[in-house]
Amino acid sequence: MTADLSFPPGFRWGVSTSAYQIEGAVAEGGRGPSTWDTFCAEPGKVLNGETGAVACDHYHRYAEDVALMRELGIDTYRFSFSWPRIQPDGTGPGNAAGLDFYDRLIDTLLGAGISPAPTLYHWDTPQPLEDAGGWLSRDITERFADYASVLAARFADRVPMWITINEPMVLTLMGYSLGAHAPGKELMFDALPVAHHQLLAHGRAVQALRAGGGVNIGIASNHAPTWAASDSAEDVEAAGLYDNLINWLFADPVLLGKYPAGYEAAMPGPVEDDLKVISTPLDWFGINHYSPVSVGAATGQADTAATDGIPLPPGLPFEPRALEGYERTDFGWPIVPAAFGEILRTFKDRYGDRLPPIYITENGCAINDVPVDGVVDDQRRIAYLDGYLRSLRSAIDDGVDVRGYFQWSLMDNFEWAAGYSQRFGLVHVDFETLERTPKASYHWLHDVIAKNRE
Ligand code: IFM
């Protein structure tokens, strides 16, 4: 199966994780409370009342996890700093024990020959900042720039690749618009300032990281082809609206310095000046991709797979529809390898020479196989990765400049509102014993990487 999965020389292979999803140890090392601690404590918000309090206990087991990465053969490990571990109140010079933890992690990675690629923010906001208005408040963009400066001062000597923010669309939609993620606000379109403030924080962080010696900086933004449910004018129009909202509202400001038509007026200003900061040139652009989405005009036939089972409220001018005819992951997400190449080609066509090199900062699937006689034979994940990597390769052959692929995720972890029910890992984690068991897909990806090094 791996024979023709070859990628250009120098192509980088990695895995991705995030702090709240794997670290645990939420009350150790001076870490402050985060919005996700608060959200998880609210009854009914997370499946089975589960939390990230222990998660994979990576805070204590990071050395074992780095050993698993070394065995896998990756070049790059994308993880996230926990903002409340670095700045428990969201401000200040940095918590010594928190900084020390990431020192240990980064030094262990470098010792194993793996490049650290940290994300500054993957959704775990210090609770005191949320209490002061969170991402609805412009002040957080200053706080984020200060936080970036603290990180650059400590780690720029050893970190060769930086990621500012993970999936600003998801925090806006799931966190502040629908209330399905922390901080659980249901503001619908009044959540749009959250998008603007994250984008501005991203631009300010790029500048702060560079001022502190940081190099090779990008963002991890999630993107999906939006397919009209039919050729009817109503469905095509609805799909276009949705496409702007989930894709171009987040990528156009960064890559073109402007919002899709109609959005600028909804954003808190001074938007024109902010857009100059937001579009500070990047060294690369990160795309997280999982599935396409089908969208039609609102008729009451909405499918909730695109919003993790959360229904959109009535009255919207569009609705996600079920994509028929495709297998689905155990999370219900359609498996459509061709959509991966499609979104990459769309980026090339839409942005032309404004598009820097691309990294795939996430791709993967929830396949919930568990050990049988000590073996996790997750053939469906292998088939998924094989198909998606082939599609990626076809986009590269069509001239899309993709420099690396970081699989989500190294190990099974806390899947936000779905708790521990969805297993995205190459490594199985027993959440009772915390034992790690590499799955068949781990060995398969090992072979793909090894063949690409021959
Ligand atoms: O687990 C998440 C990750 O935190 C962000 N991107 C999608 C993954 C799977 O849902």
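Just so you know, glycine gets a Cβ as well, placed from its N, Cα and C.
Annotated features in TrEMBL:
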{"type": "BINDING", "residues": "Gln21, His122, Asn166, Tyr290, Trp408, Glu415, Trp416", "note": "substrate binding site"}
{"type": "ACT_SITE", "residues": "Glu167", "note": "active site, proton donor"}
{"type": "ACT_SITE", "residues": "Glu362", "note": "active site, nucleophile"}
Rounding to whole Å, the Cα atoms of Glu415 (substrate binding site) and the residue listed as 'active site, nucleophile' are apart by 14
For Glu362 (active site, nucleophile), the same-chain residues 6+ apart in sequence with C-beta under 8 angstroms from its C-beta are Ser16, Ala220, Asn222, Asn288, His289, Tyr290, Phe406, Gln407, Trp408
With Glu167 (active site, proton donor) as reference and a Cα-Cα limit of 10 Å, the qualifying binding-site residues from Gln21, His122, Trp416 are His122
Across every protein chain in view, the count of C-beta atoms other than its own within 10 A of the C-beta of Gln21 (substrate binding site) is 27
Expressed in angstrom and rounded to a whole number, the substrate site built from Gln21, His122, Asn166, Tyr290, Trp408, Glu415, Trp416 spans a maximum Cα-Cα distance of 18
Reduced DSSP state (H/G/I helix, E/B strand, rest coil) at Glu362 (active site, nucleophile) is strand
Within 10 A of the CB of Trp416 (substrate binding site), the number of other CB atoms across every chain shown is 25
Out of the recorded positions His122, Asn166, Glu167, Tyr290, Glu415, the residue with the smallest number of other Cβ atoms within 10 Å is Glu415
Excluding Gln21, His122, Asn166, Tyr290, Trp408, Glu415, Trp416 themselves, the substrate site's Cβ centre has within 8 Å the residues Ser18, Glu167, Glu362, Ser409, Asn413, Phe424
